[in-house]
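Database features, via TrEMBL:
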type: DOMAIN; residues: 29-450; note: domain 'Ammonium transporter AmtB-like'
type: TRANSMEM; residues: 28-50; note: transmembrane segment
type: TRANSMEM; residues: 62-81; note: transmembrane segment
type: TRANSMEM; residues: 137-157; note: transmembrane segment
type: TRANSMEM; residues: 169-196; note: transmembrane segment
type: TRANSMEM; residues: 202-220; note: transmembrane segment
type: TRANSMEM; residues: 232-252; note: transmembrane segment
type: TRANSMEM; residues: 264-283; note: transmembrane segment
type: TRANSMEM; residues: 295-313; note: transmembrane segment
type: TRANSMEM; residues: 319-339; note: transmembrane segment
type: TRANSMEM; residues: 360-383; note: transmembrane segment
type: TRANSMEM; residues: 403-427; note: transmembrane segment
Amino acid sequence: MSNNTTVPIAYLNNTSSVPDWLNKGDNAWQMMAATVVGMQSVPGLVILYGSIVKKKWAVNSAFMALYAFAAVIICWVTWAYKMSFGEKLLPFWGKAGPALGQRFLIGQAELPATRHNYDNGTEQMPMIEPYFPMASMVWYQCVFACITLILLAGSLLGRMNIKAWMMFVPLWLTFSYTVGAFSLWGGGFLFQWGVIDYTGGYVIHLSSGIAGLTAAYWVGPRSRADRERFPPNNILLMLAGAGLLWMGWAGFNGGGPYTANIDSSMAILNTNICAATSLLVWTWLDVIFFKKPSVIGAVQGMITGLVCITPGAGLVQGWAAIVMGILSGSIPWFTMMVVHKRWTLLQKIDDTLGVFHTHAVAGYLGGFLTGVFAEPALCRLFLPIPDTRGAAYGGGSQMGKQLVGGGFIIGWNIVVTSIICVVISFIMPLRMSEEQLVIGDDAVHGEEAYALWGDGEKYDETKHGIHSVDEGEHFKPSIGVTQVM
C-alpha cells in the first residue's frame, strides 16, 4: 500500500522556515515564556489592580495597566528595543531604531553589544546568539518592558491624571527602562563589569519601585478620604490576579537563559521555593504581631519572594532560595509595617500599593543576596564571565558589584523620573481634579466596575436615579441595592 501522506513544509528540514540555527524546542519555550509573562500583566495585574483598590477606582486602575501594555508594545518595536539590546551608542544606552522589518525579525536572535572582553581587549565570551529568531527575542523582552510600567503604576493608583499617564509611559520607557536594560542585559557597562541580574531584580523591580515612589511624590497623594479608607472591592478576584502573577513567573525567570536547559529548570524551581517561603513568613509575622493572617499581606509576601529570587533565580541552590524567602518575607514586611509608619518622608509620599517595599526593597535585597549565594557551577551555565561566584563561595567582590549596580539604577530612576514628571506638569496636571477624586471612575471614564453604589462615593441622582414616594417627595435607595441604569 502506498503512503501518499503529505508532510507540511514547516516540518521539513532544510527549508527557509527551519534554518540550520533554529532550535524548535528553544523557540517554543521562549514564545511560551513570553506568553505567560504577558499574561502576568494582561489579565493578571489588570485583575489584581482592578480588585485591590476601592470600588470607585476599579476601572481606572485596571485601565492604567491595560493602556500601558498596549502603549509599550508600539514604542518597543518602533524604537525602544534597539535602545535596550541593539548596537552600543553609550556605555549605558543602545542606538534607537525600529524592530519591524522582515529581514531583521526572521534572522537569528543576537545581542550585538554582549561580546565580553578581557581587560586587555581580547575576547573572553562571544556575543549572545540564542537559537531562535529575533522576533521571539523582541517579543520576550517586550513583555518585560510592559510589566515594568504596570508595576510602576501601582504606586500611582487612585489619583494620577490618566492623560498624564498616557504621556508618562512612552517617556519613562525611553529614558529610564532602556538604560537599565542595556546596562545590565544588553551589553552595557554593568553587564561588562559583571553585575548579576538574572531576569530583572534590578532592571524591572528595583527600577519600578524607585520610579513609582518618585512619581508618587510628584503626582501627590490620593484624597484624604481614600488614604484613610481604601478597602479592596473584591479580594477573591485579587487572588485570581495574584495567582496569574505567581504562575506566570515560570516564564519570567525560566525564560532568562534564552534556552530550555537545566538552568531554566533550576530557575523555575527556585522561584516557587522562595515565593512559598516568603508568603508563609509574611503571614506568620502578621499573625504574631497583628493576631490575624492577612490575605492581602500573604499576596504581598508572595510578591516579595518572587521579586527577591529574580536576580539570582538560576544561580543559587535550593537551600539558598529558602534563606532568600525568609529574608524577603521579613525585611520588606519590616520596612512596610514598621519603618514606613515611623519615617516622615515615606508617610508624606502616597505609594498606593507599597511598590517601593514589595519591588524596590525586595529587588535590591535579592540583588545583594545573589552576590552572596551565586553558586560557581550554576554561574558558568548562564553568565558571560565564567569565574563569577558569590561571597559564600569566595567571591567577596560580587557583593560590592551588586550594591553599586543597584545604586546606579536607583540614582538614574530618581533623576529621570523626576525630570519626566516636571516636564509633563508644564503641559497638564499630573493629578486629577478634586471633583474627579471625589467621584472616581464615572467622572474619569464615564464607566463603573459594578452597578452598585454606596461605598462612600458622591451620590449622583442623574446616575443612580430617584425613587418617588409621592409628588414632591424623594428619597435615596438603600445602600447595596442594584440600580437599574
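Cβ coordinates are placed from backbone N, Cα and C, and glycine is handled just like the others.
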Chain residues in Cβ proximity to the transmembrane segment (62-81) (below 8 Å; excluding those fewer than six residues from its ends, i.e. six or more beyond): 38, 41-42, 45-47, 49-50, 96-100, 138, 141-142, 145-146, 149-150, 153, 156-157, 160, 162, 165-166, 169-170, 173-174, 177-178, 445, 449
Same-chain residue ranges lying at least 6 outside the transmembrane segment (137-157) that approach it to Cβ under 8 Å: 30-31, 33-34, 37-38, 40-41, 45, 49, 53, 57, 60-61, 64-65, 68-69, 72-73, 76-77, 80-81, 84-85, 99, 105, 109, 111, 130, 165, 169, 172-173, 177, 181, 199-200, 203-205, 207-209, 211-213, 215-216, 219, 252, 255, 258, 351-353, 355-356, 359
Listed stretch, out of 28-50, 264-283, 360-383, 403-427, that has the most CB pairs under 8 angstroms to the transmembrane segment (319-339): 264-283
Across the domain 'Ammonium transporter AmtB-like' (29-450), average pLDDT on the 0 to 100 scale: 95
